[in-house]
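Heads up: the structure comes next, in structure tokens.
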Amino acid sequence: MPENEPTAPSLENLLHETRAFPPSAAFAAQANAQPSMYEDAKADRLGFWADQARELVSWERPFTQTLDWSGAPVAKWFADGTLNAAYNAVDRHVEAGHGDRVAIHFEGEPGDTRTVTYADLQREVSRAANALAALGVTKGDRVVIYLPMLVESVVAMLACARIGAPHSVVFGGFSADALRSRIADAEAKVVVTADGGYRRGAPSALKPAVDAALAPKDGEPATTVEHVLVVRRTEQDVEWTEGRDVWWHEAVAAADDVHEPVWVDAEHPLFILYTSGTTGKPKGILHTTGGYLTQCASTHKNVFDLKAESDVYWCTADIGWVTGHSYVVYGPLTNGATQVLYEGTPDTPHRGRWWELVEKYQVSILYTAPTAIRTCMKWGEDIPAGFDLSSLRVLGSVGEPINPEAWMWYRRVVGGDTTPVVDTWWQTETGAIMISPLPGVTATKPGSAQVALPGIAADVVDDEAHSVPDGGGGYLVLSEPWPAMLRGIWGDLQRFKDTYWSRFEGLYFAGDGAKKDEDGDIWLLGRVDDVMNVSGHRLSTTEIESALVSHDIVAEAAVVGAADETTGQAVVAFVILRGEHAERAGTPDGAAQVQEELRSHVAKEIGPIAKPRRILVVAELPKTRSGKIMRRLLRDVAENRAVGDATTLADSSVMDLISAGLATNKPGSED
Ligand code: PRX
């Protein structure tokens, strides 16, 4: 194992809790997934995906070739086919006579609602596509979307897809600086944003961050953005740049509600989504159209057992993350599902808000993150018990390892002890679910994502890339190309190869540690690189370190993810301060001041989600003789454990100093 070995609970602890829940006969009898799918895909993997692509996606020109892997590691799937993702997500359902079916039950945080049918969606997306075209957006142009969870967010993404303009959604919680660097990297032509959104009972602003992100800055090239399309949500006053800024409700309302989709090649870029890697610079993960749509639709149908005519589906993820892309927008809509879209937080105006929504809309499939489940556990089971949750029939989990206790609570309290729970492992890079039980087929195990889906080849290997035997641990790899795989890092093919394909010859290295149990089932154990997972959000230690050292008072910084009961991991920073600031931090008031200054600085540089939970001021950092920071030891300190083997340190007294110095450091406020 490398220096950053996984921090998740040991396999022994996990297995201690293990019980398998076989599917009920009734569920199995009506399930979309069938055991034969594994056999079929094993016998003819490409044939399996070609069938899925033909069955679940509409093609303008059918493909004749399934996979071209000659340019490995850049795959081409269904390359000679043409299609349009928005047509697949919207128009074809209207053409099939389902125009009156509800696509989206929108619920705003203040309680306002909006019901959008597939026919409504077709008109809205067409109008928005015409409005974008009128602003000069054409096939291939990039559009950045910086919006809260609104119907317009889904419409904006689909409008881009409709004209073949790759979108790049930036999570609304990222700062102006983070937005600026993403806009610059993607060389976006248009930004779609809102005046703001509702969060925790109050309007919060978004437009000012866009204004700041687009403002001229010394030493940086002028922005490529020509227009900003602004959704009015909160009626807040906004600064207005004449000629650049355009109101959505004016431009879109005035546009024609008929628009001919632009047919694109299967390999045409659908979107770029930035995610944190092991370096300071976020990576623009590139996804294309045909393969991505195929795997999103196939997994959404089979992993959640979707029955489009009768189910009400709800994925709580924000569209700013990949889960929102694949399982709010492209998967469910391609399958013609009816879904709930909720703008706000689970505890506004009360801690039963989610369960109230499940009852109100009769949600039958719920997909959320372990961190949310653990938060609800903390609030107490009498809260969900106050609502009728009997409509639920499948529960999904994503984003981080789910501990068996949370899994069991989810099944028992939310699922009435009958619903299958599917723990789904995947990544921004994989585009769609890769490892998960199939409800109706797999006997589920609390805490394990278990098996690669049909048509997916996953394995756990040791340092020499050898598959580990059952009962062994190592690194998770993917050994065959899959339809929704990333096609690269925007503008940086070499970084794509280095990051994912250089660790093990011919294998995709996911960055996760994993183990196989005695049945061969896979248990995910957390990242083995410098990526943290805080509340299911992916953050880079290096990126936060860069943010910290960009502050004048910081000489050096090291960041670790410390285990946290609710959020999975929490950001803990160790900093060496410059000159007199080190003395300032020596007093209780000064220490609190320094903490706040640095936390706000990280929020400004990256976003509030990246703010360290604790900042510890230290005189030295533990480094190896080659100068590498030993984060493992810092994690021991951050988790209040005895410090592990420090023999490779250049100066072994450093850890004593750090541990001794902790008494003078107060933890920061929690938020
Ligand atoms: O470490 C794994 C963890 O989240 C990482 C991917 O993060 P991101 O690209 O932001 O995508 C999150 C949503 C798909 C993975 O490398 N992860 C995701 N799902 C699971 C998980 N870890 C354990 N179990 C999961 N089900």
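Using N, Cα and C of the backbone, Cβ positions are placed for all residues, glycine too.
Straight from TrEMBL, the features:
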type: DOMAIN; residues: 36-89; note: domain 'Acetyl-coenzyme A synthetase N-terminal'
type: DOMAIN; residues: 96-490; note: domain 'AMP-dependent synthetase/ligase'
type: BINDING; residues: Arg199, Arg200, Gly201, Ala202, Thr323, Ser535; note: CoA binding site
type: DOMAIN; residues: 543-628; note: domain 'AMP-binding enzyme C-terminal'
type: BINDING; residues: Val549, His551, Val554; note: Mg(2+) binding site
type: MOD_RES; residues: Lys628; note: N6-acetyllysine
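Recorded features from TrEMBL, shown on the structure.
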residue: Arg199; record: CoA binding site; DSSP class: strand
residue: Thr323; record: CoA binding site; DSSP class: helix
residue: Ser535; record: CoA binding site; DSSP class: coil
residue: Val549; record: Mg(2+) binding site; DSSP class: helix
residue: Val554; record: Mg(2+) binding site; DSSP class: strand
residue: Lys628; record: N6-acetyllysine; DSSP class: coil
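Residues near Val549 (Mg(2+) binding site) in space but far in sequence (CB under 8 A, at least 6 apart, same chain), listed by position: Ala555, Glu556, Ala557. Only Thr323, of the binding-site residues Arg199, Ala202, Thr323, His551, Val554, place a Cβ under 6 Å from an atom of ligand 1.
Counted over every protein chain shown, other Cβ atoms within 10 Å are most numerous around Val554 among the binding-site residues Ala202, Val554. The maximal spread of the CoA binding site, taken as the longest Cα to Cα distance among Arg199, Arg200, Gly201, Ala202, Thr323, Ser535, is 26 Å. Summary of the Mg(2+) site environment: with the site residues Val549, His551, Val554 set aside, the chain residues having Cβ atoms within 8 Å of the Cβ mean position are Ala547, Leu548, Ser550, Asp552, Ile553, Ala555, Ala557, Val575, Leu598, His601. If you compare Cα positions, His551 (Mg(2+) binding site) sits closest to Lys628 out of the recorded positions Gly201, Ala202, Thr323, Ser535, Lys628. Taken together, the residues of the domain 'AMP-dependent synthetase/ligase' (96-490) have an average pLDDT of 97. Between the recorded positions Arg199, Arg200, His551, Lys628, His551 has the most other Cβ atoms inside 10 Å of its own Cβ, all protein chains included. Ranked by CA distance from the residue listed as 'N6-acetyllysine', the binding-site residues Arg199, Gly201, Ala202, Thr323 have Thr323 at the top as the closest.
Distance between Cα atoms for Thr323 (CoA binding site) and Val554 (Mg(2+) binding site): 35 Å, as a whole number. Cβ neighbour count within 10 Å across all protein chains ranks Thr323 highest among the binding-site residues Thr323, Ser535. Remark: secondary structure over the domain 'Acetyl-coenzyme A synthetase N-terminal' (36-89) totals 25 helix, 7 strand, 22 coil, with classes taken from DSSP.
For Gly201 (CoA binding site), the same-chain residues that are 6 or more apart in sequence and have a Cβ closer than 8 Å to its Cβ are Glu109, Thr348, Pro349. Counting only the Cα atoms, the space from Val554 (Mg(2+) binding site) to Ala202 (CoA binding site) is about 34 angstrom.
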